[in-house]
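K.L.:
Before anything else, here's the structure in question.
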Amino acid sequence: MIGDVSPPVASIPVVEGKEESKKHQNLLPPFSKVFSHFGTSGVSVALATGVTHPLDVLKVRLQMQHVGQRGHLIGMAGTFLQLIKNEGARSLYLGLTPALTRSVLYGGLRLGLYEPTKISFDWAFGSTNVFVKIASGAFAGAFSTALTNPVEVVKVRLQMNPNAVPISEVREIVSKEGIGALWKGVGPAMVRAAALTASQLATYDEAKRILVKQSSLTEGFHLHLCT
């Protein structure tokens, strides 16, 4: 029509194209951020593992009491005293090397993968609601556990055998039981890690979002502490 000054229709897809291109460019966070998450999470989990490792050794010994046999079960205090008496105080740190290795890998991967997974889901489904955060945490936890399960198996074997050496134990497992033995128990471990990681990271992420929206807190130490 004469006098019509509305913008040409062709200009609309050009703007949309720019927005779509920008969305694709921002699909993943910067590598430095992912690496920072991996490093800080891995180191913190490793430190916690080093402090609590004796409790893990006791847990495994309690779980493996009288395997395939009947007998009177000993409690945690009795197991602790028996371990110190028969194998010495160093036995409380059996399997520490694979435990620390797994901590760095598992702790780093599950946090390092969470943000890229969440952003990928946002790109695919157009949302980062709480269900997307739960799914992202579940995937990060399950995948990290599947990848590090062989180290967990070796750790448990070392905790049960004070004379075992990590590399020798790996060779013995593979030669006698096959390489699949390194993934024993991976199913329940993945389910546990998926539930644990999803509940932890999704809760933290959602609580942080609410605090930023409803309070005067900004990104920093106080926001993380309150979250």
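Glycine residues also receive a Cβ, built from the backbone N, Cα and C atoms like all the rest.
Remember, TrEMBL labels are computer predictions, not curated facts.
Keep in mind that what you see is a predicted model, and the values were worked out from it rather than measured.
Just lifted these from TrEMBL, have a look:
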type	residues	note
REPEAT	32-120	repeat 'Solcar'
REPEAT	128-210	repeat 'Solcar'
K.L.:
Counting each residue once, how many in the repeat 'Solcar' (32-120) are helix, strand and coil under DSSP?
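P.N.:
Helix/strand/coil tally for the repeat 'Solcar' (32-120): 74 helix, 0 strand, 15 coil.
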K.L.:
Could you pull the average pLDDT for the repeat 'Solcar' (128-210)?
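P.N.:
Across the residues of the repeat 'Solcar' (128-210) the model's pLDDT averages 93 on the 0 to 100 scale.
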